[in-house]
């Protein structure tokens, strides 16, 4: 009897120890199990890009399916969800959809990382036939259409992704959804496209900003140049500085999101529109002054500048408001200007395709007035040239206006050619894109040359202001005579 009691006690103790060992192993597995980054809460799934309870849409919860790196199924006994969006720090987040007939495949690896596989099942012809995926004319980077059929893949580390089940109510389709951090692009210093777009392009933008800033400061600081023409030139250069700065932000696309792209696009187009409107007002001022019977009977330059400024900026604000409203209210959402990466497929960016950049309708409203200003400037040039040819006697004001007319023509040609190259660069032919990068720098150099270097009276005034300690030559005839080359100021 005692022996039976001892055996029963030993059996119960062994059973209890085994149970405790099982509980400890389960606790350890739960504590040190595989961590899976989930976008929504445990009882929720993604429903049309928003987290909702799975029971509210009669859908099951998401159960991750584990795979090995070589594509075989893996068995993971225990895993735990980490709820929240990925920690992308300064890089963008992109959405990936793993649904039926998708080029993308999402696999959770046994260690908790996410593997994104891209199956290039499409062809170049099918892409071109699709109006949503075609990017024949694109403002930003072109969609890379791979010719090789071999799949590409990328592995996202933990905390750099989140994944969940997605249910699309419009099509009653289910699949998997992932929000990933855009991986850093490896720098290839031998790649021509990288050197031109990521190295030379921002460098040229920086040089252009400096040159435009120098011109604006010179025409703003020197008192003799602060007339109506000088104020207009200063304002044009300020507009060009803002446009260069906005375009500079758009170069580094991987360090921004759709909101900043939208803002930079709006700032870029408004500043370009303002620059051309001010150039048009410059031509109108010269044309009207030459058409006037008495050029001496004029209102003050300050009052004229205020009048021109109110008209120009009111027109710019009206056109900008129309373009922005047209983009958000009337654009059909078939904007092909999506910022794609060569390591991703076309099905990644679906959620922000409409609102990432200004669409074609908004761009048309922004740039159609620019085309009209070019037509008006041609009219101002032709009619003013006819008036100048009929003038027999030139006064000092006529000579000064003649210099303004020459400057207007040069600025008009420089800005118009650069604008045309901007339009051509949207065709996404690499040669035209590279040509615009170079022409953009040449624009700043030529503007600096025609506004400062080529203007003898400007260089004369700069010498007087900067070299004030040197004696002033006795043959200083003033700004008007200097403009008429009436003095020897090359000392």
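Heads up, the Cβ atoms here are built off N, Cα and C, so glycines get one too.
On a predicted model such as this, the values are computed, not experimentally measured, just so you know.
Annotation comment: TrEMBL describes 1-17 as signal peptide. Residues or ranges marked as domain 'G-protein coupled receptors family 2 profile 2' in TrEMBL: 197-455. For 203-221, 228-246, 266-287, 307-330, 358-382, 403-426, 432-453, the entry in TrEMBL reads transmembrane segment.
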Among 203-221, 266-287, 307-330, 403-426, stretch most in contact with the transmembrane segment (432-453) (C-beta, under 8 angstroms):
403-426
Positions on the same chain near the transmembrane segment (203-221), where near means CB under 8 A and six or more residues out:
230-231, 233-234, 237-238, 240-241, 244-245, 247-248, 251, 437-438, 440-441, 443-445, 447-448, 451-452, 458, 462
Do the transmembrane segment (358-382) and the transmembrane segment (266-287) share at least 3 Cβ pairs closer than 8 Å, excluding pairs fewer than 6 residues apart in sequence?
yes
Near the transmembrane segment (266-287), which residues from the same chain, at least 6 beyond its ends, have a CB less than 8 A from one of its CBs?
228-229, 232-233, 235-236, 239-240, 242-243, 246-247, 250, 304, 308, 311-313, 315-316, 319-320, 323-324, 358, 362-363, 366-367, 369-370, 373-374, 376-377, 380-381, 383-384, 401, 404-405, 408, 411-412, 415, 419
Are there residues at least six beyond either end of the transmembrane segment (228-246) with Cβ under 8 Å to its Cβ atoms? List them, or say none.
205, 208-209, 212-213, 215-216, 219-220, 222, 264-265, 267-268, 271-272, 274-275, 278-279, 281-282, 285, 301, 304-305, 308-309, 404, 407, 411, 440, 443-444, 447, 451
Which sequence-distant residues neighbour the transmembrane segment (307-330)? Criterion: at least 6 residues beyond either end, Cβ under 8 Å.
228, 232, 235, 266, 269-270, 273-274, 277-278, 281, 285, 355, 358-359, 361-363, 365-366, 369
Average the pLDDT scores across the domain 'G-protein coupled receptors family 2 profile 2' (197-455) and report the rounded value.
83
